[in-house]
């Protein structure tokens, strides 16, 4: 009975691993196809298929060698998925920037209305929903494609981390997924700055935003909660009486906080502050998420301080317990005089 249950569990694990990677491959192929549509005649874009091929290889290795289970704290399937989709999104965003610049130059002093905007886009897809009983027609232009693929990217990252078999406990996995949802909302809002005319006219700023967007997605490839719950504060053993505070950055939780500040909240806050005070770009969403980034950074610093304080208290407690143990052994062996010196045993 136990053997049968184990076989069923391994089969379900393999199925979830396979389905997740098939979703990654499908979305990656759509992104590559849209990139080739944005830059027709550029055969170099098909080199983006290399990560897809590597993803198939990684799938076979995972299913055969690792029985469908993931690889601990690093997820190569997510990394290959990002390596396939993120460059495609770069090409699509630069194509959209060119289209927006063309729209702005053609409008000249007049405001560009929705009708004029649609006539300039020769890459529209009209979808009728009458076949399913809805009297509705959807028009999907290039900007809608880009936004939809970006949203699908973040959605599949969260869904994939949920479906991929891991060694995480349920509480660890739920904590990880909830943090991913908050990260996803922040990441998608950052891309909204491409709608601002001052950002559209600045290719360097567009490049910086896309670079920060790409780096922030690397957080989905690493799972710090997969490390042991009671990992030591430092991998180096410190002799008694030595100050090891500088080595506590090795703590997985502290390293996770540093990574979040550098790759997301710190970088996002810097970009939004630059847009406020230099480019003079103002919006309610930009203001809200800039405040959110600042608050998260403050809470992260507070958390780091709390972790260091707890480590100091644990060290002091350990030293006190060690001193009490030595004193007790001294009393047991020979006793202690009034000045605290150990008496010789008779």
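Any Cβ shown, glycine's included, is placed from N, Cα and C.
TrEMBL annotations: computationally assigned, not manually curated.
Range with TrEMBL annotation transmembrane segment, chosen from 184-205, 206-227, 228-249, is 206-227. Of the given residue ranges 105-124, 125-144, 145-164, TrEMBL assigns the label transmembrane segment to 145-164. Of the ranges 18-37, 206-227, 255-275, the one with the most Cβ pairs under 8 Å to the transmembrane segment (71-92) is 206-227. Remote same-chain partners of the transmembrane segment (206-227), defined as residues 6 or more beyond its termini with a Cβ less than 8 Å from a stretch Cβ, comprise 72-76, 78-79, 82, 86, 89-90, 93-94, 97, 153, 157, 161, 166-168, 172-173, 175-176, 180, 183, 187, 190-191, 193-194, 199-200, 252-253, 255-256, 259-260, 263-264, 267-268, 271.
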